[in-house]
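Taken from TrEMBL as is:
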TRANSMEM  55-79  transmembrane segment
DOMAIN    62-481  domain 'Major facilitator superfamily (MFS) profile'
TRANSMEM  99-117  transmembrane segment
TRANSMEM  129-151  transmembrane segment
TRANSMEM  157-174  transmembrane segment
TRANSMEM  186-204  transmembrane segment
TRANSMEM  210-231  transmembrane segment
TRANSMEM  291-308  transmembrane segment
TRANSMEM  328-350  transmembrane segment
TRANSMEM  357-378  transmembrane segment
TRANSMEM  390-414  transmembrane segment
TRANSMEM  426-447  transmembrane segment
TRANSMEM  459-477  transmembrane segment
């Protein structure tokens, strides 16, 4: 506790040093927390604090529009499960060819992730989302019209590039516009909307032919582009580009016309000035001691998220149900019915329980679910308790996907958007996002092969990864709820020093 207070005091001193150069007559008393200001000024400060915490209709609408891109991501992830039987039959694809089709979304995501930070920095957050949808729209059309495996893979690859860009820019945009006391819930809505997309395609995939399913995925992408023209750009990105007037205008729009945003605008400006002292950090310069802790957290969480097998379970849920002898249509429909309410619960409690608690609970449930699947497929291979295998399979798959949706799916992206300062956000965010998509591609491509080779052993490994994730989170991941982005970044920087 004493260390935390000293870190916060250090942040305040560092921020005030810039303010004092601009306003030398303004006194601050760090030790007592008092200031020589009139009652009117104190009242004005209280109004500023209230304005910074206010959740306006503009913030709600901007967040909803941004996370609509995640809905498109969920549609892409859920497509491969519902369309598997139809595509393999109509285009005569082998297991290897369909594994390539399913996994190439994550390969495209890897390509998009490599350029995500730079594109978002150059184009801005809004225009990057429009750029993403150009890939998604083209990809869905290519899939819908495909006559062979090549066009199918090309369409899926383009869709993946758009999704890879989305995975970085959406959480970053929301974290930069949302008030700190609801930032976790708002960024977690990213995962909620992704689950909505997956759930929709899990349900309608049981009834619609795969070409029509691709057209359904195309429609929300077009609507998303239209809505993006009605939301403001990120004030922090505008401030970084030196567009102070536009920054204040966007901030005023987000906080409300009757709110004095000067204090928040000055804090953003001062933080960016402090980060610009060292200049923009290149990828090679990222591996310095002062960035080691946040980098370890960001990369570690993404690495463990994918090695828990989450992408493979989601992409090939139908195959898992069929292998366990449970009807896939019923299984995917049950998942779709439950995963959205569970993600909604996660959105509500993330700023109440905190990131750490929810992450560890999610990993524990995923580990137990993977262990149950390991036991289920193990019993099946030895012919033990054959009547229980379908039940264990259903509970295991359902538990794994729901537990992932509640915590480990969205929280690493929230933390990624919070922990990196502006001068390293491009390079660090790119590295973290690339890590996620690289290991996601490895898991989704090899998943079907491992399932045929030794399903029980595969899920036992996944359960051990989830167990290790709990240890990693407990000892290394800090709690970030209720803190501004500037406070979080300063605390992480001071912890290294």
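Each residue, glycine too, has its Cβ placed from N, Cα and C.
For the transmembrane segment (426-447), the residues of the chain that approach it from at least six positions outside its boundaries are 99-100, 102-103, 105-107, 109-110, 112-118, 120-121, 164, 167-168, 172, 280-283, 285-286, 291, 294-295, 298-299, 302-303, 305-307, 309-312, 315-316, 412, 416-417, 420, 458, judged by C-beta separation under 8 angstroms.
With pairs at least 6 apart in sequence, the transmembrane segment (291-308) and the transmembrane segment (357-378) have 3 or more Cβ pairs within the 8 Å limit; the two touch. The stretch in 129-151, 157-174, 210-231, 328-350, 390-414 that contributes the largest number of Cβ pairs under 8 Å to the transmembrane segment (291-308) is 390-414.
Recorded stretches compared: 129-151, 157-174, 186-204, 328-350, 390-414; the one with the most Cβ pairs under 8 Å to the transmembrane segment (210-231) is 129-151. Remote same-chain partners of the transmembrane segment (390-414), defined as residues 6 or more beyond its termini with a Cβ less than 8 Å from a stretch Cβ, comprise 167, 171, 175, 183-184, 187-188, 190-192, 194-195, 298, 301-302, 305, 308-310, 313-314, 317, 320-321, 323-326, 331, 334-335, 338-339, 342-343, 345-346, 350, 355, 358-359, 361-363, 365-366, 368-370, 372-373, 375-377, 379, 436, 459, 469, 480.
Summarising model confidence by region, the domain 'Major facilitator superfamily (MFS) profile' (62-481) averages a pLDDT of 87.
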